[in-house]
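Notes follow once the structure below has been shown.
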Amino acid sequence: MKKIQNIIKKLYWLGLIGVIGTVFHVTYLKLFYLFFLLVFVDICISLGYRMKYGKMNEYVADLKFLWQNIMILIGNICIYIRHGFHLPNVQTYSPKVSCHLPFQGKWMVVNGGTDQQHSHSWGLVMQRYAYDFYRIENGKSYQGNGSNVCDYYCYDQPVLAVADGIVIEIKNKFEDTKVIGESEVLCDASDVRGNYIVIQHASHVFSMIAHLKKDSFCVKVNDKVTAGQIIARCGNSGNSSEPHIHFQIQEGKNFYFSASLPVYFDEIINHINRNDMHHIKEGDIVENR
Ligand SMILES: [Zn+2]
């Protein structure tokens with residue numbers, strides 16, 4: 001059922017073609033708006049999950065989640081229009097900031113890369129160049145049976161500022177999402193990011209790190225931070241199937257309306273791909289130099 005839901009979530013993006021129909025006055029393209037109705041099928045499946053695994057009042061969180069998906073949809077359109085349908089890419093974007101990795105020691109890139117094949121989520125342009133990282137030992141990200149967040153090697157590990165900057169926003173509200181296995185997520189948080197921090201490093205360059213552990217922040221809004229400074233701890237809040245760090249560079253402070261930017265790493269060691277020391281991708285094992 002989760003697979004069907006994932007397909008439905010992808011299919012309702014086809015509704016965006018309806019926008020092209022409206023812009024160019026092509027009636028049959030407007031029919032693609034009907035794909036947005038799949039949102040209601042998605043709600044019904046989520047409701048089923050709530051009845052099976054959770055409390056009904058948590059369904060309200062699902063509705064907030066749905067609202068967030070709508071915001072992501074609208075944000076996507078706005079970003080495309082603002083950039084004249086030419087989004088920043090690794091060839092055209094000149095990075096203003098060199099980044100360190102947001103953790104200590106060797107971690108694995110679970111999702112992310114600068115091309116469509118490896119991208120965290122190419123179609124969601126606010127997360128196109130995001131990365132997910134976790135720690136792996138003996139081929140696994142956890143010890144024990146992995147049913148508890150504490151079983152995961154990266155859980156509660158320090159999270160570092162990727163470059164010098166000023167803290168712009170912190171959300172510290174959500175408990176960790178329960179791990180239910182098989183990459184499924186039963187998220188009680190109304191924000192996909194869970195607890196997060198936004199730091200400004202230069203004009204139009206902001207880092208956003210998500211899924212942080214509640215009450216683990218050791219900086220506050222308006223604090224100056226330096227590259228490598230501990231800012232919080234790794235958690236599993238928000239839309240996360242297991243503890244990991246979600247990191248991205250975005251052009252503005254607003255997650256929904258800012259294009260993500262290709263990340264230029266410096267002073268890092270890539271144990272898998274030693275040819276390009278400035279860009280990393282899914283499957284790489286990386287650490288700060
Ligand atoms: Zn992510």
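Here the Cβ of each residue, glycine as well, is placed from N, Cα and C on the backbone.
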Where TrEMBL places transmembrane segment among the ranges 65-85, 254-274: 65-85
Other parts of the chain folded back onto the transmembrane segment (12-28), taken as Cβ under 8 Å at six or more residues beyond its ends: 34-36, 38-39, 42, 73, 76-77, 123
Per-state residue totals over the domain 'M23ase beta-sheet core' (156-253) - DSSP helix, strand, coil: 0 helix, 41 strand, 57 coil
